[in-house]
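J.: Take a look at what Swiss-Prot says about it:
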- 30, 31, 32, 33, 34, 81, 82, 106, 129, 169, 285, 309: NAD(+) binding site (BINDING)
- 52-71: region 'Disordered' (REGION)
- 108: active site, N6-AMP-lysine intermediate (ACT_SITE)
- 403, 406, 422, 428: Zn(2+) binding site (BINDING)
- 599-688: domain 'BRCT' (DOMAIN)
- 676-695: region 'Disordered' (REGION)
- 679-695: compositional bias 'Low complexity' (COMPBIAS)
């Protein structure tokens with residue numbers, strides 16, 4: 001291939017993958033894209049004569065697609081990208097070329113860029129980066145973020161300017177992403193590959209209600225056009241932005257030498273998991289805005305800033321097998337079984353392959369050396385085989401078209417569906433097993449005495465034909481199992497506990513009953529919305545899909561799934577037998593979903609409360625449920641709209657932000673007082689001794 005042909009091929013590939021990164025589903029990793037772009041840059045530097053026309057190395061990003069449903073609007077000031085370096089030698093070269101009295105270092109967040117235009121303190125526009133000159137108008141979606149105020153609030157030191165563009169990154173932090181994907185998996189929905197895709201997709205939703213469902217956050221990292229605002233430094237600009245009520249990174253640091261910059265690069269390379277969000281690099285900026293102006297910019301990036309990109313956290317291991325798991329709604333999910341490997345902070349031995357199409361697309365063979373990456377710090381991802389290490393002993397994996405649990409032929413539920421499912425929903429032991437363990441989980445009946453082994457024993461001992469018989473279990477039934485009986489065949493302590501827990505579960509809230517039924521797509525969020533609207537399971541069964549879809553929190557897909565579920569005879573038998581056994585199928589009068597007996601369901605109504613750090617008597621889920629049971633909103637991030645921050649040990653950045661914004665901080669004792677008596681009146685002191693909380 002000629003040099004000219006290689007240049008054209010690389011240019012086409014870079015443009016293709018950049019378009020997918022911003023407006024579609026990426027096909028390659030960020031590291032692979034960076035390698036493509038770097039090869040193109042190196043080739044252009046060695047052979048400048050091959051560049052014909054515009055090169056993607058000089059472009060900020062692709063222009064918004066012509067088919068976009070969003071209005072295209074010009075930025076007041078061009079919104080540039082950043083150049084990258086990939087090792088300390090390259091960084092040292094940039095520092096030599098860009099001497100400064102003070103540098104600013106900040107974490108490079110892997111999210112979706114946004115440009116906020118405020119005129120006289122009012123939010124006028126929110127735009128995507130677009131091609132750097134023109135972005136898409138996503139104002140309606142931006143307004144759903146708690147971190148983006150409609151109105152800026154000035155101070156004596158930092159009055160609100162006539163006009164200012166504030167640049168930032170919309171993202172989903174690691175903890176929220178894990179919870180969101182777990183919820184989607186529980187509801188049978190497709191999981192997101194990584195937080196960046198989830199955040200970027202959320203900001204380009206046509207319906208802002210869909211955007212609002214995702215736990216989006218914002219960190220501001222720059223300014224564009226401005227009138228009536230002339231900060232001396234980037235650091236001063238961040239102080240002003242924070243004073244106006246917008247979030248800035250708690251990890252930003254001023255340093256005064258190239259050596260200190262390199263120390264920050266080394267530090268964050270060893271502590272990248274300490275940040276609440278995903279980060280793939282460290283951004284270094286010249287702090288002085290006057291010096292920035294003197295240095296200027298190229299057509300795509302400022303000369304006064306650089307991004308040091310850390311290597312992605314990948315590792316090589318051996319693929320031993322590919323197995324197929326059957327979920328509670330019948331979805332067949334292939335997963336890789338690997339030699340255990342420590343990567344991204346934990347040891348992994350399995351990785352999902354999502355569906356048969358994805359499994360075959362990866363091109364892995366049994367016995368392969370494979371490259372894995374922890375995607376989103378939660379889901380191990382198989383990137384592909386290391387073909388150079390193949391010995392010839394590897395063998396292909398043949399995806400069976402039959403259910404590994406019951407032998408029924410697998411098939412997509414509809415044409416074009418990438419997921420294959422076992423249609424034997426009633427009698428497949430694999431589906432029954434996962435349904436039993438799911439209904440026993442904390443998000444449903446919370447029966448801790450019914451684990452995976454116990455569920456397996458109940459099924460394979462012949463004690464349970466399906467979950468409809470669960471609440472009819474007697475001591476003599478459990479004595480037929482190994483999990484709940486002594487060697488002498490008498491009921492053991494676990495069996496006694498199970499019977500007690502089953503009795504308690506009969507009084508569970510209506511929303512928990514709905515979750516326990518394993519209706520496809522119905523998780524706790526949708527179940528709570530339904531339980532607030534309807535009085536009983538029978539009311540829900542009688543409702544039309546259209547009526548249910550009109551409820552906030554119940555999408556059309558969920559509504560249709562519920563309607564379909566109640567048309568199946570054996571599903572109705574579950575409801576009937578549970579009711580006959582004494583399971584409460586109605587919402588108690590005045591009982592808000594999730595509320596405990598005797599709790600005032602309006603005690604915290606209208607309050608937004610954030611919990612951070614470790615509490616002695618509450619885990620994160622219990623604290624959230626306690627707040628919601630009393631009518632409050634349990635938020636994931638601190639903003640001007642936050643009423644209280646509950647700070648346990650190692651509270652970290654959220655505590656600092658709350659203090660900066662003047663949000664009242666509660667220790668655990670004060671939190672318990674709040675749950676008992678509600679918020680203090682306006683004349684009371686709402687703050688507690690935050691000094692006693694470790695940062």
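First residue shown is number 1, and so on along the chain.
Placed from the backbone N, Cα and C atoms, the Cβ positions cover glycine too.
Just so it is clear, the model here is predicted, and its values are computed rather than measured.
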J.: Quick check for the class: what is the C-alpha distance, in angstrom and rounded, between residue 406 (Zn(2+) binding site) and residue 82 (NAD(+) binding site)?
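T.: Cα-Cα distance, residue 406 (Zn(2+) binding site) to residue 82 (NAD(+) binding site): 54 Å.
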J.: Other than its own, how many Cβ atoms are within 10 Å of the Cβ belonging to residue 406 (Zn(2+) binding site)?
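T.: Total other Cβ atoms inside 10 Å, all chains included: 15.
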J.: DSSP helix, strand and coil counts for the domain 'BRCT' (599-688)?
T.: 29 helix, 16 strand, 45 coil
J.: What does the structure give for the C-alpha distance between residue 34 (NAD(+) binding site) and residue 422 (Zn(2+) binding site)? Integer Å is fine.
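T.: Residue 34 (NAD(+) binding site) and residue 422 (Zn(2+) binding site) have their Cα atoms 41 Å apart.
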J.: Consider the recorded positions 32, 82, 108, 129 and say which one has the Cα lying nearest the Cα of residue 422 (Zn(2+) binding site).
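T.: Looking at Cα distances from residue 422 (Zn(2+) binding site), the smallest one goes to 32.
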J.: Give me the mean pLDDT over the domain 'BRCT' (599-688), rounded to a whole number.
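T.: It averages 79.
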J.: Around the recorded Zn(2+) site, report the further residues of that chain (criterion: Cβ within 8 Å of the mean position of the Cβ atoms of 403, 406, 422, 428; site residues excluded), sequence-ordered.
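T.: So the extra residues in range turn out to be 326, 330, 404, 405, 407, 408, 410, 423, 424, 427, 429, 430, 431.
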J.: Can you tell me how far the Cα of residue 82 (NAD(+) binding site) sits from the Cα of residue 403 (Zn(2+) binding site), in Å?
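T.: On Cα coordinates alone, these residues lie 49 Å apart.
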J.: Give me the CA-CA distance between residue 403 (Zn(2+) binding site) and residue 32 (NAD(+) binding site), in Å, as a whole number.
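T.: Given the Cα positions, residue 403 (Zn(2+) binding site) is 36 Å from residue 32 (NAD(+) binding site).
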J.: Which one is closest to the residue listed as 'active site, N6-AMP-lysine intermediate' in space, judged by CA to CA distance, out of the binding-site residues 32, 129, 285, 428?
T.: 285
J.: Of the binding-site residues 32, 129, 285, which one sits closest to residue 428 (Zn(2+) binding site) when you measure Cα to Cα?
T.: 32
J.: If you draw a 10 Å sphere on the Cβ of residue 403 (Zn(2+) binding site), how many other Cβ atoms land inside?
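T.: A count of 23.
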